[in-house]
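*Asks:* Can you keep this structure in mind? I'll have questions shortly.
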Amino acid sequence: MTNIKLQPAAKKLTGTITVPGDKSISHRSIIFGALAKGRTTVRHFLDGEDCLRTIDAFRALGVTIEQEGHTVTIISDGKDSFKEPTMPINFGNSGTTARLLLGVFAALPFHITAYGDESLTKRPMDRVVLPLRQMGAKINGRAEGKYLPLAVDGQKLSNLTYHTPVKSAQVKSALLLAGLLAEGETKISEVVKTRDHTEQMLTSFGAQVDVSGTTVTIVGGQTLQAADVYVPGDISSAAFFLVAACLVPGSHVTLKNVGLNPTRTGILDVMQSMDAAIEIREHQTEAGEKIGDITVRYGPLKGTEIGGGVIPRLIDELPILALLATQAEGETIIKDAEELRYKESDRIEAIASTLRSFGAELDTTPDGLVIKGNQTLQGTEADSFGDHRIGMMISIASLIADGETILKNADSINISYPGFFNDLKVLQTDNV
Ligand SMILES: O=C(O)C1=C[C@@H](OP(=O)(O)O)[C@@H](O)[C@H](O)C1
Ligand SMILES: C=C(OP(=O)(O)O)C(=O)O
């Protein structure tokens, strides 16, 4: 466990950085590359700990995966070439690995045991286990299969028509993957549209998938063909510097090649509604994923209400948006975000206790937060709770707090952004 001393920003943040690859797309590139026949090359892959768990899981199934820096090559002959793993699979801290791979494992002719770290072991898996059982999956574990460790006895799965009650791209994706490996037509509908990287990648690997509003339909038994994947920069990582630049006086920062898939850009909409000075220049689309540069400047902000359909489009950005709200003029209300309670930590409680330790005033509600604006923050000792997004929120808060901050358990940041402190240093060293 590493503790880091952080100082208030001595000067403005300036310059240009390219944030690391998108975590959701990196996971999916490995899954699809392993399921496809042929050689898949992935560029700008995120080498965060979560994505490495997905690589390890497919290596355990016998798939050849080579990694050189941010380029990953997957050589596979498809699912029929997979072998039964001889050891339990460790999903680590990664909810995405756990949920999506349960959808795959359920359909493989193997007995597989999977477990996770202390945080993942507390996160609900029944959201995928229950619908997978409706397809014929045999999955057993604690609390009737609600929590890891889980034992999966792979089966031939049948098709599913399912309206998912949770607003979760992980659930949708797990069921689409199971549907791809099942017989017949699987139809998944959601209350609000969640990130659609699985649907985009199915198409780019040659599968037929039909998207109509918030319903996705896939016919099982399709063969995927290897494809080359370029992973755009992760808007969820960019978010920390978008907010930092808004908060540190005089800042002017450009983030290059950021993924601008509309199911992920809720943070840009919300920051613009708070009057943030943001310019977005979309310049290309790769395999259905929009990519562009974002420039943001320091400036005054106003409070806002964040709720409804935008929530899944910015779910992982809510910790850093909560910090932004403490500096806006007027109150900010975050609602409809009960899913925050099922992340790496209970993020509603983690945001509240962390910002309170910086001296901020805010209230929690069952599904969100009410945050007072125009607040002065004091340096503090704050724990990431093993949650990478809380760790990065603390680091950005320290830039505008009076006095020193100590970030405890800073290692958690390696889950999604191993080069975070380096990129922060680049922006603090004039690189225009
Ligand atoms: O599908 C994905 O890649 C993800 C979906 C979201 O989780 P939920 O599906 O649980 O909302 C998000 O919080 C997570 O970081 C990544
Ligand atoms: C919730 C997150 O990831 P996961 O569910 O994959 O652990 C996240 O990255 O903020």
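Just so it is clear, glycine is given a Cβ too, placed from its N, Cα and C backbone atoms.
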*Asks:* So TrEMBL lists LYS23, SER24, ARG28, SER168, GLN170, ASP316 for 3-phosphoshikimate; which of LYS122, LYS138, LYS343 goes with them?
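*Replies:* So the 3-phosphoshikimate site in TrEMBL includes LYS23, SER24, ARG28, SER168, GLN170, ASP316 plus, from the candidates LYS122, LYS138, LYS343, LYS343.
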*Asks:* Which binding-site residues from the set ARG28, ARG123, GLN170, ASP316, ARG347, ARG389 come near ligand 1, judged by a Cβ under 6 Å from any of its atoms?
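*Replies:* With ligand 1 as the reference and 6 Å as the Cβ limit, the list reads GLN170, ASP316.
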*Asks:* Any of the binding-site residues ARG28, GLY95, SER168, ASP316, LYS343, ARG347 with a C-beta atom under 6 A from ligand 2? Give them in order, or none.
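*Replies:* Listed by sequence, the hits are GLY95, ASP316, LYS343.
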*Asks:* Under 8 Å Cβ-Cβ from ARG389 (phosphoenolpyruvate binding site), six or more apart in the same chain: what's there?
*Replies:* SER236, ASP316, PRO319, ILE320, LYS343, GLU344, ARG347, SER416
*Asks:* For ARG123 (phosphoenolpyruvate binding site), what is the tally of other C-beta atoms lying within 10 angstroms of its C-beta?
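*Replies:* Taking all protein chains shown, ARG123 (phosphoenolpyruvate binding site) has 18 Cβ neighbours within 10 Å.
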*Asks:* Please state how far apart, in Å and to a whole number, the two most distant Cα atoms are among LYS23, SER24, ARG28, SER168, GLN170, ASP316, LYS343, the recorded 3-phosphoshikimate-binding residues.
*Replies:* 19
*Asks:* To the nearest Å, how far is the Cα of GLY95 (phosphoenolpyruvate binding site) from the Cα of SER24 (3-phosphoshikimate binding site)?
*Replies:* 11
*Asks:* Give me the Cα-Cα distance between ARG123 (phosphoenolpyruvate binding site) and SER24 (3-phosphoshikimate binding site), rounded to a whole Å.
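*Replies:* About 18 Å separate the Cα atoms of these two residues.
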